[in-house]
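Here is the structure we will look at.
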Amino acid sequence: MPFNRTVIRMIAQNNLRSTNNDPVESSESYPITGGTNGTGTSRLFRQFGSLFSSPAPTTDPAGYVEFGSISDPVASSGRTLGTFAGVFCPVALSMFSALVFIRVGFIVGNAGLYVTLLQFIIAYVILLFTVSSVCAISTNGAVEGGVMISRTLGPEFGGSIGTLFFLANVVGCGLAISGCAEGIIQNFGPSDGTGSGSIPDGRWWRFLYCSSLNTLMLIVVLIGAEMFAKTSMMILGVVVICLLSTYVSFLTQGPMDVSIPHENSLVNFTTARYTGLQADTLWSNLHTNYTKDYTSNGNQVNFAVVFGVLFSGVTGIMAGANMSGELKNPSKSIPAGTLSAVLFTFLCYMALSVLIAATTTSTLLQNNFLFLGPINLWPTFVTIGILTATFSTGLSNLIGASRVMEALAKDRVFGPLMSFVVKGTYKNNPIAAVIASWVLVEAILLIGSLNTIAQINSVLFMLAYLATNLACLGIEITGAPNFRPTYKYFTWHTAFIGLLGTAIMMFVINSIYALSSIILCLLLVIALHLFSPASQGAQWGSISQALMFHQVRKYLLMLDSRKDHVKFWRPQMLLLVSSPRSCCPLIHFVNDMKKGGLYVIGHVKVGEFADNDSSNDPTIEEYTQWLSLVDHMKVKAFVELTLSRNVREGIQHLIRISGMGAMKPNTTILGFYDEEQSKDFFEHEDSPYKTSEFDGNGIKLFPYRKSGESKSLGVVDYVRIIDDVLRMRKNLCLCRHFHRLDKQMIARNNHIRYIDVWPVNIFEPKNEDPFDVVSQFMMQLACIINMLPVWKKLELRVFLCESETVSENSAAFERPAEHRLDQRLKLLRISASIHKIPEWNKDIDFAKHRNIIKQFTGNSDSSQLMAEENINRSKLYMQRINQLIRDRSNATAVTFMYLPTPPATPSVDYKEKCHHYLDLLTELTFDLPPTILVHGIDAVTSTTL
């Protein structure tokens, strides 16, 4: 539906802040945050800044940003071309090209009339369906010059295909110039074996003529595309008159002998027969009769060569789309002008093929490609037709190449590499792009052979057409609601047929050229994905995102959590982060530990939605900041933010809502509640995470608790969060000392050699501990870490700690326990060494301390439990165990330990139990290497596969 102006109202959300209640209870992760302040500066304007290359948006005092539409008179300033001059004439001239007067005889003489007509039908069917896709894109909103493919496919795929389309136009220009030079040589150079003529002939003489023509085209194009559009109407009129003279000559001219060009050294005769209209001639030209091509060193002609030459002459369907920047109404002019030009040229070619087959012997067709001049009633008309058709086609391709190059430069597909194109634009004419295209055309002209250039040209254009059909097919399959072209004859069937046809015929023409073009395209896709600034943003979207959304949604629906099996279990991590500034090593470590599973970084912003001074959710703006954090950290993680009245409630929200369908976190990771000073990894000089990206305008994003600042999250709430996670049936990890983790040091330092696992419940040790669910989950995580490149060089150690349950049989228990553990590790395919702790029973009296420790996690009366003597005794017990572990951790990178269950609720003395529970864990992990306290819920290992 036409519209006069698109108005987008943007409300800037500047300096959006909420109260900072940041209780960074740990130096690395959650605890769990009260909120992260952002700058509040909206990035919406920045993203819209490059959405339209022309005209630039203007802002009125009321805060509206206006973009001119395709029917807006202001936006259309400088757009002066209509359907006939802007689309029909360029397309018709490009599709006549060098083929109409120079190579139709070559095609009929080798392929025969039947195959020729079949090849024209195949070519035009491919073109018709591709035109349908072009029309769908051009009638689906505003069209900017030269950017339809790239902006539909996105920066990676679109940029690479746009580059190949640019190269196709360059090669097409070289093809047209070669045809023009061939016509000049034929008419003004040596015409027979005597070598007489007005101008000399030879390889380098031809290159000189081609270069002169190329320079002349450069001068014309520098004058401006509008000048070419005005002259194209006149040129098309001249070409049509010359073509009509050829039709008249076929119908009226009688038999004659036509000389063979002097450069044809494959035959020993000098003339061939033109018969005029005769049934015998038509009958002899119906079937194929492939010979050698005298213009390309005698190469054998076949179906592929003929079709490559034929298709190269009809590749001009994009000429109108290339002029879209100068069209008054592109969405109307492109479909009407392109389709009418395709029909017109198709009828002309079919009629010309039949007349040639009915009047000219195959000997003449195969040995003189420019026979139309001698047999014409007015030979000068053919000369004029060759020069005008090829020259105009070359101009059209040179303009098209420069416009595509300008579009790639404006969209910063290649970053600053093509900035000279934007700077070199004068009065909307991309001078620098035109000159760069001219230089590349010069390089193409060095190939020399027109038929060889034609095959390269056909393959490149087919790849561009394949991309156009692919773009429309992809959008149609994804069911994007905003894809509503007004062109009614487009369906996914037309796009698919066009896609399939171009893909097949590419390889039919020349499999080597086709494969080389596809490889070049893939290399460009990879390079643009890695290095292109355009691929880092979302200025104009990407079809790959729409396709991925479609496929991911489909497969998520197919993923059924009821069919989960322990054999295929993998960790799905939810890391709760207060401030990423202080927990960068932990974020990276969890990224390693996820083993291809889901990884979600969760954050709770404390506050009330109604209390905020803005009508918008404050987490919306911060979300982009967290995504930038993920990019900076180079981790494969999703981000989930929530706004809640307190941290505990927010964490419950995150555990429930994170993920989608069957892809939901099964393991929650928290930072440890301690008093250690947080470290800012974004500012520390030696930090591999150092960056100033999150420091702007004097405001630091992701603030953390400084020294002396109080915590807003209490001990009881923290322990209750631990209990909540376990009751919600999620595996739990508490991480401490990860600010000490340095992966670079692990990689280069041979002193750090171990990953340690302590599968014993320190609060209630049993001989069965190494074989329960918690210990096996712990060993599974350690094994996953040990499988990664940096960690693979470390040795996995499992410490066997047996309690003395039956004294007289203790010797009998030693060997079976170690043997059972060894067998279990082998069954689980875990490569680890077992280390027994002889001091475990000798130095520590478990019988004396076990009952005391156990009561802290039960519902016992606290009168005796909380006696000072018992508290001190339990802490001493933890200190002795801590010392025992530290003695064996000098070369340890990471330690996995058993996390006992928190105190049961409710109880009268619950608060005291929580404090003592956390104190015991603090004593247990004091001054250890980076430590993970693990508690598993369900079985995660399998002895079979």
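Backbone N, Cα and C atoms are what each Cβ position is placed from, and that goes for glycine too.
TrEMBL assigns the feature transmembrane segment to residues 378-400, out of the candidate ranges 378-400, 539-561, 585-607.
Same-chain residues lying 6 or more positions outside the transmembrane segment (378-400) and placing a CB less than 8 Å from one of its CB atoms are 90, 93-94, 96-98, 100-102, 146, 169-170, 172-173, 176-177, 179-180, 183-184, 187, 213-214, 217-218, 220-221, 225, 228, 232, 235-236, 238-239, 241-243, 245-246, 249, 316, 318-319, 322-323, 370, 372, 434, 437-438, 441. The recorded stretches the transmembrane segment (120-143) and the transmembrane segment (489-507) share 3+ CB pairs below 8 A when only pairs 6 or more apart in sequence are counted, and are therefore in contact.
Annotation: stretch 205-225 has the most Cβ pairs under 8 Å to the transmembrane segment (431-450), among 84-108, 205-225, 232-250, 456-477. Among residues of the same chain six or more beyond the transmembrane segment (84-108), those with a C-beta under 8 A of the stretch's C-beta atoms are 116, 119, 172, 175-176, 178-180, 182-183, 229-230, 232-233, 235-236, 239, 242-243, 246, 285, 293, 306, 309-310, 312-317, 319-320, 322-323, 326-328, 333-334, 336-338, 340-342, 344-345, 348-349, 352-353, 356-357, 360, 364-366, 368-372, 382, 385-386, 389-390, 392-393, 396-397, 450, 454. Secondary structure of the domain 'SLC12A transporter C-terminal' (585-675) per DSSP (helix as H, G, I; strand as E, B; remaining residues coil): 36 helix, 22 strand, 33 coil. Long-range Cβ contacts of the transmembrane segment (301-321) within its own chain (Cβ-Cβ under 8 Å, at least 6 residues beyond either end) map to 86-88, 90-100, 103, 106-107, 110-111, 115-116, 119-120, 122-124, 127, 130-131, 134, 138, 143, 146, 148, 165, 168, 172, 175, 288, 290-293, 327, 330, 333-334, 337-338, 341-342, 345, 349, 393, 396, 400, 451, 453-455, 457-459, 461-462, 464-465, 505, 508-510. In the predicted structure, the domain 'Amino acid permease/ SLC12A' (93-574) carries a mean pLDDT of 84.
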